[in-house]
Amino acid sequence: MKNNHTSLKSPLDEEDELKTDHEIDLEKGPLPEYDSEEESTLPPYSDHALVNNPPNTHRENHSYRTTDNSSPLLIKLLISFTSIILFNAPAVCYLKYKDAFFKNYGAAEWTLFGFWCLVCTLALIFLTYFYETWTKAVKVTVISLAKCVKVTAIFLAQCVKACGKGIKHFLKKWENMPMAFSEVFLFNILVGSPRMNLRYIFGDRWGLKCSLADHIIFVVLSILVFIAETVKPGSIRVNLIRKMGYEAKQQVNEYTAVPLREMNPESEA
């Protein structure tokens with residue numbers, strides 16, 4: 001069945017449409033060639049293209065706006081003035097302590113005070129003008145000092161930890177040294193106690209020689225003990241309490257050990 005479609009447009013309307021099709025939009029430029037065979041593409045300046053790609057008017061409107069994150073002038077002046085006050089505070093406190101603040105000022109003192117006020121004013125202007133620069137420098141300096149303090153604290157903590165380990169290792173390795181030196185000291189007392197009798201028997205000359213020999217023996221024995229403990233730790237230790245306790249424990253285990261047959265006579269059956 002054929003669909004007979006008759007156009008209701010007049011010839012004048014068709015001529016107007018042809019004219020509008022051939023006219024060039026001055027704002028959009030000439031229309032590019034449109035390939036009707038490609039179904040995925042749409043003709044330019046179509047309504048669908050305008051919906052998908054709206055004009056970027058929002059970006060253009062905000063392109064000329066610049067964000068100003070700088071501090072207001074009043075805050076800059078306040079911070080700069082506060083820094084100058086803090087810088088001058090020690091001098092004012094010193095003059096107050098000496099009771100010489102605005103007292104007995106002569107021409108030279110007032111001239112110096114005026115010059116100092118001029119320097120402070122110039123410093124205030126300089127700090128206000130270069131506010132971002134010096135505040136950034138102060139922040140970097142504070143952060144660097146904090147890092148230095150942190151590194152120093154970590155280093156000291158590691159040093160203390162290493163010293164603690166060294167002392168612990170030393171005490172563990174040389175725990176027998178006090179016992180050995182106490183034995184040598186006891187030997188020195190036992191041998192050196194009769195020095196007065198030696199002097200009385202052999203005279204001052206031989207008694208002095210015996211006394212010196214006593215001290216030399218003590219030093220030599222101490223050095224030998226130290227060398228022996230260095231070469232082989234525990235070789236000179238005489239820990240009688242531990243040794244006696246260990247032997248007593250062994251004897252108790254030997255005498256109190258009961259065979260399993262006597263403890264469990266039922267096991268034989």
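Even glycines carry a Cβ here, placed using N, Cα and C.
Going by Swiss-Prot, these are the annotated features:
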COMPBIAS  19-30  compositional bias 'Basic and acidic residues'
REGION    1-67  region 'Disordered'
TRANSMEM  73-93  transmembrane segment
TRANSMEM  110-130  transmembrane segment
TRANSMEM  140-160  transmembrane segment
TRANSMEM  174-194  transmembrane segment
TRANSMEM  216-236  transmembrane segment
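A Cβ distance under 8 Å defines the sequence-distant neighbours of the transmembrane segment (110-130), meaning residues of its chain 6+ beyond its ends; these are 73, 76-77, 80-81, 83-84, 88. Among residues of the same chain six or more beyond the transmembrane segment (140-160), none has a C-beta under 8 A of the stretch's C-beta atoms.
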